[in-house]
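Worksheet: the structure to be examined is printed underneath.
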């Protein structure tokens, strides 16, 4: 029964990854066409373009790895497995940093705080987006290299199982995993929660202001607040279980877990990227309009 449940989880994971690949290809193509036509691109669309490419490569790599694992007639190469893991870690970290930057941009641009730091960020963040994207790629590369370095020095063993159920030890330390992932993920989590909290606080202040002035609640600023807040909150709902599931999958004792636990981790780890990509499309006016045209849902 558990084997059937795990097999169903693998099938669902593959389907979700196909959906994610299509969604991120759509995001990338739409923003690329806009960039080519107008010879300019907004800061948020530049981040979405980078995010779409990164997630497309990451989900494609996951599918290649899954197909290789299922269909290969040879024993699984330890070095090829390590290559898949390292590439996935780099792309995953980059995509999470891009989402974090997107949330920061929404928070800074939409909130109406008059603090000098916010006013400075409002003026200066957009021109710095390309350099920030590059900086986050370098941070992701650094954390991946840190993982490699620590894994070589760590004494903790890990079991890797081949297709013929032969197990052997490789030096893949739990310490290296925890340090490299926590360094990146904890900071991302703090920034995203802070951005969402500031946006909610700004929305509450805006509502109170509208109540005092006896004006209508729903206006362009309110719509921007609510749209960005929904995207951030849904992102956190998807991101928290995803982070836990991904961390568990990388741990040495994951191979010895029961099929039920593996199935749950697989579903949570797979649901985040496609789910968040769909949310981006339905909350982004241009992407939503283009998607409706493609699906023939014109009003």
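Glycine is treated like the rest: Cβ placed from N, Cα and C.
Pulled from Swiss-Prot:
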- 164: N-linked glycosylation site (CARBOHYD)
- 165: N-linked glycosylation site (CARBOHYD)
- 169: N-linked glycosylation site (CARBOHYD)
- 1-9: topological domain 'Extracellular' (TOPO_DOM)
- 31-46: topological domain 'Cytoplasmic' (TOPO_DOM)
- 68-81: topological domain 'Extracellular' (TOPO_DOM)
- 103-131: topological domain 'Cytoplasmic' (TOPO_DOM)
- 153-172: topological domain 'Extracellular' (TOPO_DOM)
- 194-230: topological domain 'Cytoplasmic' (TOPO_DOM)
- 252-262: topological domain 'Extracellular' (TOPO_DOM)
- 284-299: topological domain 'Cytoplasmic' (TOPO_DOM)
- 10-30: transmembrane segment (TRANSMEM)
- 47-67: transmembrane segment (TRANSMEM)
- 82-102: transmembrane segment (TRANSMEM)
- 132-152: transmembrane segment (TRANSMEM)
- 173-193: transmembrane segment (TRANSMEM)
- 231-251: transmembrane segment (TRANSMEM)
- 263-283: transmembrane segment (TRANSMEM)
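Across all of the topological domain 'Extracellular' (252-262), the predicted model scores a mean pLDDT of 70. Counting residues per DSSP class in helix, strand and coil order gives 12 helix, 0 strand, 4 coil for the topological domain 'Cytoplasmic' (31-46).
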